[in-house]
Amino acid sequence: MSRARLGALAPLLLSLGLAVLSLPEVAGFLVRALGLHAGTPVPAGRLAWLARQHLVLALTGFALASGAGLALGILATRAAGAPVRAALDTLATAAQAAPPVVIVALALPVLGFGAPPILLALAAYGLMPAMRGTVGALATVPDDVRRAATALGLTPAQILLRVELPLAAGPILEALRVVLVLAVATAAIGALAGAQTLGTPIVVGLQNQNTLALVQGAAAAAALAFLADAAWLAAAAGIGRWLRP
Amino acid sequence: MTALPTTRPAAWLAPVLAVLAIAGLAGLPFLTLAPNRLVPGSPVGCGLSGAAAGVLAGLAAGLLAWPGRPGRARIALAASLAAWIALLLAAGHGAADLIAGRPPAARAALGAGAWLAGLAVAGLVADSARALLPRRGGLVAALLLIGLAVLTAWAGLLDALSLAVEYRARAAALGAAVLQHLGLAGASLALALAVSGPLALLRLRGGPASRLADGLLNGVQVVPALALFAALVAGLSAVLAWVPALRSVGLAAIGPTPAVIGTAAYLALPLVRGLAAGLAAADPDVLAAARAMGLTPRQVLLRVRLPLGAPVLIGALRVAAVQSIGFATLGGLVGAGGLGAVVFEGMAQFAQDLILLGALPVIGLALAIDAGLALLGGPRTLGDPA
C-alpha cells in the first residue's frame, strides 16, 4: 500500500513543480536568468483556461480510445471473435504506423480546424495500447478458472463480467493508465490544428521565437500529464484497497 | 495467448469490404474539381470504370465468401486486382477529363469515395492474397498494389490528379525531405541504441542505479512530445549562450539537434526494456553451462545471450524504428526539416495535397520498416507486451 502511495507521490511532486514553473513570474525569472530573450508571457488565468480545455479534449479522446479498445479486446478474445483477430491486429498496426501529428494533419482538410482532428488522432493512437492491454490481461486468466465457472453453470456473459474482468482488472487498469497519459500528452498536438490546448503557447512560442511562452506551455503540458499519471495511480491504489479490504 | 483459438480469415470480412467499396463509389464524391490548389472542390461522381471497379470488387467478395476450391481464391485475387486497376484508371481518366480545357490552376483531387473504395479494394486484395498464401499474403498484396499504382503513375495515366501535379512541382524537395527524415530517424535510433545498450546491461544487474534510470526513462514517456521538443529548444539555446564553443561542433538550438535528442529520449524506454528482456531470454541452465565451460562474462554476452535473445532484440528494434519515423515528423516544428516540414507547410497553407505528400511517405516508411524488420524477426501479434 505504501509503495502504491509512493508511486503516485513522485509524479504528483513533479507535476506541482512543473505547474509552478509554468507561472509567468517563475518562468520569466528562469528564462532571463538563463540569458534568453523572454518575450510576452502567457497570463496564469489563460494558462488555467487552456489546461481545462486540454483536459476536456484528452478525457474525451481517452473515453473514445479506451471504450473502443476494451470492446475490441473483449471481442477478440471471445470464441466468436477469433476470426477477426488478424484484421484487428492489422488495424492496430496501421493505427500505430500513423503518428498522431500525421492523423491531425490528414484530418485537417476533411474535419476542419478545432477539436475533431485531435479527437480522431487520440482515439486512433490510444486504440492499440487499450486493445492489446485488454487482450493480454484477459489471457492471464487461467483456463481452469473459466472451466470451473462453466461447470458452475455461469453463462458466457456472467463469466466475462463476474470472473474474467475482475481477475484481469489489474493489468487492464495499468493499460488504461498508459492510454490516459498518452491522451493527456498527445492532446498538445491539437494546437497544430487550431484546438485550444496547452500546446498552443508552445506552437505560438516556436513560431514567434517567444521562449517564455514556449517554456510556460511546455511546463504546463508536462505538469498536466504527470498530474493525470498521479491521479490514476492514486485512484487505482484506492480501488485496489476497496476490492481487497 | 495459447488459450485463444488460431486465426482463420473471417468469412464476412470480404463482403463488408465490397459493400464499403460500392457504397463509397456510389454515395461519396469520387473526385473533386477546384479552381485552384487551396480552395475545396465541388464533388464529381465516378464514371463507367469506377462502376466496373465496384462490380469487380463485388465479384471478388462473392468468390471469397464461398471458397470452394483454391482456384476460386486465385480468381478472387485477379478480380480484386482488376478492381484496383479500374479504380486507378477511373481516377486518372476522370481527372484528365475534368481539367481538360480549364485554366492550368484548376485541380482535380481524389474525393472521399475514391479513398474509401481504394482502401476497401486494397483490403480485398490482401484478403484474397491471404487466402492463397496464409503466411506472406499481406506482403505480397502490398507489393502488388504498390507496384500497379507505380506502374500506372509511371505510364503517365495519373498525371492529371492534383496529387501528381503537386508532386511534380515539389519532386526534388520531397526527395530531399524523405532522405532528411530517414537521417533524423536513423540518427535518433543510433543515439538511443548507444544509450540503451549500457542501460540494458545495468537493468540486467539491478540495483538502485538501474531503478533511477528506469524512473527517468518512464518519466520521459509521460512528457508530451511537443513539450519535450520545445524544452530542448529552450534548453539548448541556454546551453549555447553559456558555452558558445559548442556551436563549432555543429550543435544548434534549432534544427536537427533538438529533434534527434528528443526522439532518442522517447525511443530509449522501449529499447532498454526490449534489450534487457532479450539479454535475459537465455535459459539460466544454458548460462550456467556456458560459465562452466569457462566462457568469460563478455563471451557469455556475445556468444550466448545475444544470439539466444535475437528475436526479442529485433522485436524491440522494430518498435523503436517505427516510432522513430513518427517522432521525427515533429522535427519539422523545430526546424529540422524532413517530411514533418512538408506536412506543416501544407497545414499552414491548408493545402490538402501538400499535407498528403508529406504524410503518405511517413506512413509508408513506417509500414515498410515494420514489414522489413518483421521479415528478420518472428511475427508480432496482438497481446504481446508492447
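From the backbone N, Cα and C atoms, a Cβ is placed for every residue, glycine too.
Listed features, source TrEMBL:
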DOMAIN    B:178-375  domain 'ABC transmembrane type-1'
TRANSMEM  B:12-35  transmembrane segment
TRANSMEM  B:47-66  transmembrane segment
TRANSMEM  B:75-96  transmembrane segment
TRANSMEM  B:108-126  transmembrane segment
TRANSMEM  B:138-158  transmembrane segment
TRANSMEM  B:178-202  transmembrane segment
TRANSMEM  B:222-243  transmembrane segment
TRANSMEM  B:300-321  transmembrane segment
TRANSMEM  B:327-347  transmembrane segment
TRANSMEM  B:354-376  transmembrane segment
Within-chain partners of the transmembrane segment (B:47-66) [C-beta distance under 8 Å, separation at least 6 from its ends]: 9, 11-12, 14-15, 17-18, 21-22, 25-26, 30, 72-73, 75-77, 79-80, 82-84, 86-87, 89-90, 93-94, 97, 117, 120-121, 124, 127-128, 131
Stretch in B:108-126, B:222-243, B:327-347 most in contact with the transmembrane segment (B:12-35), if contact is a CB pair under 8 A: B:108-126
Non-local residues, at least 6 beyond the ends, that sit with Cβ under 8 Å of the transmembrane segment (B:222-243): 251-254, 257-259, 261-262, 265-266, 327, 330-331, 333-334
Beyond the flanks of the transmembrane segment (B:327-347) by at least 6 residues, Cβ under 8 Å: 170, 173-174, 177-178, 180-181, 183-185, 188, 225-226, 229-230, 232-233, 254-256, 258-260, 262-263, 266-267, 353-359, 361-362
